[in-house]
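Colleague: Quick one: the structure is below, questions incoming.
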Amino acid sequence: MASAEETCQTGWFDDRDVSAEGDSELVRDLKRSHSASICATPTHMEVQTTAGIRAQHTKNTFHNYDATYGFACVNADQGSGTCKDYRVRFTCPSDFCSVSEECRTRWLSSDVESLPKLLQMFPGQVCRNPISLEAQTLYGISAKHTGDIFLSYDVTFGFVCINSEQRKGTCDDYQVMLTCPSDFCQGCRTRWFDLDDPTGRGDYETFRQLQIAFPEAVCSQPVAIEAMTTSGVPALQTGDTFQVYDATHGFACVNAEQGGRRCQDYKVRFTCPLDFCS
């Protein structure tokens, strides 16, 4: 077994919400949606509620709980109770995480958000090998909460919703954001900005605030954003939950959303069009 010095942890994954059957975060499903974010053979899996309570402290009974299969909580196994909403993260060999530092694009919207279409519509703003993909409506509602059925929702093909497959007859209007390998953000980077501290409501490094404070140092249309703690830990590896983390709006971590903890202190930098650095 690898020692602690030879391992690293992935970010947290919460792809499914509690349903009438329960909650599950299965390895095969997570690898389909986050193929570059989970190692081939995780050595350990950690589970907690979305509020930050460890699974073993919840009184729930688990149908599955291992790094090979994943996690499953079945409501029928809980007696008179129901499953909590859970998230999971995995322990991987250290060399896996050494290349997984990430940067995030803007929210992008087209008639179809497939990866080939996005590459065509937004040249220079989309990486060819995204680590993960998030989709939400133009009003900010997560795709998994809309009830729509998706032909594709993964990093291989991108996001596709077909009107004829929807019970209501039409898809909602969606936008997507990609998490890309760090080398995608190396063309024209700003310096790191740390405008706020995590006191009070949380840590806010929003694009609007930064552009007002540093008008000459931040481009008007960033291609991507990176966030990490002031001690150098990538944001997605901290376990914090983020209200905002994209190149359109910037970054926001709210203390009230951390399950009794306080947000860590973050800094951000943007990737800009090449002509901004020329």
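Note that Cβ sites are derived from N, Cα and C of the backbone, with glycine treated the same way.
What TrEMBL lists as domain 'WxxW' is 10-92, 109-180, 190-272.
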Colleague: What mean pLDDT does the predicted model reach across the domain 'WxxW' (190-272)?
Modeller: 92
Colleague: For the domain 'WxxW' (10-92), how many residues does DSSP put in helix, in strand and in coil?
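Modeller: Looking at the domain 'WxxW' (10-92) with DSSP, the answer is 13 helix, 28 strand, 42 coil.
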